[in-house]
Amino acid sequence: MDSVALRKFENQGTGLNRLGLGLGLGLGLGLGFGDPNLEKPVITCAGSSLDFQDSQKNTSTLNSTSANAPFKMAAPITKLQQVKLPTGPAPLTPEQQYWKGFKSSQNIPSQSPITHISFPPPPSNPLLPSTNDYFAVTTGTRVQIFSIRTRKLIKTITRFSDIAHSAEIRRDGRVMVAGDETGKIQVFDVNSRAILKTWEEHKQPVWTTKFSPTELTTVMSASDDRTVRLWDLPTQESTTTFIGHEDYVRSGSFMPGTMSNLIVSGSYDGTVRLWDPRVSSKAAMVFKHAAPVETVLPMPSGTTVLAAADNQISVLDLVAGKPLHLIKNHQKTVTSLCLGSNGTRLVSGGLDGHVKVFETAGWNVVAGSKYPAPVLAVNVVAAGANREDKHLVVGMQSGVLSIRTRLSGQQKVKEREREKEMQALIAGTLDDYDKKNKKKRPRGIEKKLRGLDFVGEGVDVIIEGNDRKERKPESFWERDLRQGKYAQALDTVLNRGLPAVTVLTLLTALRHRSAMRVAFQGRDENTVQPILKWVVKHITDPRYVGICVDSALLLLDIYSEHVGGSPELEHNFKILHRRVRTEVERSQQACQTSGMLEMLMTGMP
């Protein structure tokens with residue numbers, strides 16, 4: 001609890017304590033808990049209403065007459081300004097709002113689990129525009145190629161004899177490489193879907209294939225035969241074979257930037273190894289984990305590698321040769337890692353169905369979302385010259401591909417207008433919506449048409465004033481308030497279910513005019529209940545506590561002697577008493593906490 005909240009509770013304490021004493025005394029007198037020698041007022045019940053004879057006799061005739069007498073104003077009528085409530089803390093942080101902005105969802109079912117999602121990296125020269133408009137999805141024995149711009153399925157490559165793995169499109173968007181369960185690696189022409197190259201050196205399933213970020217003809221692969229290999233498109237055999245893993249190698253990647261000649265791989269033997277093609281028989285660096293490594297992801301700096309093992313993500317420093325941080329935010333195995341927001345955010349997906357977003361400075365969770373099935377693949381697809389996040393693509397074990405798109409400012413406006421139009425169509429008010437949103441003619445056309453309706457010099461000239469239609473009509477309760485019908489205005493806002501801030505505005509206006517007693521008194525059992533229930537409901541809200549305390553004390557002053565004759569009135573007063581006692585206890589605890597914090601902070605600079 002911060003200092004502002006503590007001061008707020010301290011300020012409420014005095015009024016709530018005063019109200020608590022009043023409630024205790026009022027309930028005691030009304031229920032006969034006070035002095036036994038005091039006689040309770042005689043209350044007769046007629047039907048379902050109380051005959052408050054004593055209170056009505058004490059009501060001043062002058063007050064009621066002056067309250068109900070309307071008066072005329074010379075000034076123009078203006079609407080009552082609504083009370084502005086203080087804004088509380090936002091329920092979502094800016095980071096959460098950003099990732100919640102991926103709203104336009106498209107779910108595409110498939111017969112097999114979605115195992116891999118990839119899209120081409122940006123051009124090596126940042127000054128060159130990116131012509132790539134594809135991202136690839138690997139599922140079963142197929143590779144589906146979607147358009148980044150339209151999210152539509154463009155092509156499907158089915159030339160696999162078994163389950164395909166890790167389809168990757170080269171950065172020029174012309175060639176794609178993928179492995180499969182038979183150990184075969186195939187290179188395809190994206191446009192014609194023709195097979196350009198086939199390698200069959202691996203004896204076990206190939207789980208990872210990637211193009212080099214700098215060399216268009218270099219490919220790396222990782223297989224269950226415990227080897228990592230380098231390939232060159234013009235050759236028929238692998239150029240380099242890295243041997244050292246003791247179990248399945250399920251992930252790997254080229255290092256980015258100036259270290260692109262190095263390769264990092266992760267294996268089920270629990271190790272992450274850094275390989276140098278000049279020394280293929282021995283890893284340049286080894287990091288050990290307590291669980292099988294599912295996926296590895298190099299950071300753009302080239303000095304840090306992320307590795308997912310079980311439900312943890314380790315941050316490995318290649319310069320220091322040791323782990324920097326261990327992320328433990330998933331409940332089950334982490335299956336996929338990717339970068340977003342130009343490398344400043346890490347996005348992870350796991351078998352627990354969660355997709356979490358981490359900031360890369362302190363590796364703290366900044367956003368997340370839950371999916372209905374275990375997540376096997378996740379990727380943030382960027383587009384545009386600035387490589388802004390466009391789609392959040394998630395592949396699930398159930399075979400569902402989820403594509404959530406972040407709309408631009410103009411697209412958001414169009415989407416909002418479309419939703420309003422659909423609501424008007426459903427409500428049957430489409431004609432009114434069209435009239436309201438009818439576009440005005442441009443000013444240039446208005447100038448050209450000016451004077452076409454001129455009929456001569458002898459016609460009457462009409463000077464139009466302010467359009468009365470533009471004035472907002474006065475509501476019923478505002479009219480009653482202006483005419484001095486305070487009780488009727490209060491009944492209107494309570495019985496019509498208007499927002500709580502409207503009731504607060506009216507009660508504040510009544511308090512400003514010293515007319516709260518006039519609006520509260522002279523009521524029977526049925527008409528006093530809405531006021532009391534509203535006070536009971538909002539007495540715990542710090543923004544309403546001031547007006548609620550004044551209203552509750554006034555109700556106690558007028559109706560406490562009649563509590564014993566109405567079970568419902570007695571019940572609501574008891575609820576109010578309990579709520580006030582709870583708030584008083586919280587206020588006292590806040591004061592105690594404030595004292596403890598002040599004592600701890602005394603010696604701090």
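Every residue number used here counts from 1 along the chain in the order it is shown.
Even glycines carry a Cβ here, placed using N, Cα and C.
Annotation comment: TrEMBL describes 454-600 as domain 'U3 small nucleolar RNA-associated protein 15 C-terminal'. As annotated by TrEMBL, repeat 'WD' applies to 199-241, 242-276, 327-359.
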Summarise the repeat 'WD' (242-276) as counts of helix, strand and coil residues per DSSP.
3 helix, 19 strand, 13 coil
Could you give the residue numbers and ranges of same-chain residues that sit at least 6 residues beyond the repeat 'WD' (327-359) on either side and whose C-beta is under 8 angstroms from one of its C-beta atoms?
95, 99, 117, 294-297, 299-300, 306, 308-315, 365-380, 382, 387, 389, 392, 394, 397
Distant-in-sequence neighbours of the repeat 'WD' (199-241), which means Cβ under 8 A and at least six residues beyond its ends:
121, 124, 163, 165-168, 170-172, 175, 177-185, 187, 247-254, 256, 260, 263, 265, 267, 275, 277, 280
Per DSSP, what is the residue tally for the domain 'U3 small nucleolar RNA-associated protein 15 C-terminal' (454-600) in helix, strand and coil?
107 helix, 0 strand, 40 coil
Residues of the repeat 'WD' (327-359) by DSSP state, where helix covers H, G and I:
0 helix, 20 strand, 13 coil
Provide the three-state DSSP residue tally for the repeat 'WD' (199-241): helix first, then strand, then coil.
0 helix, 21 strand, 22 coil
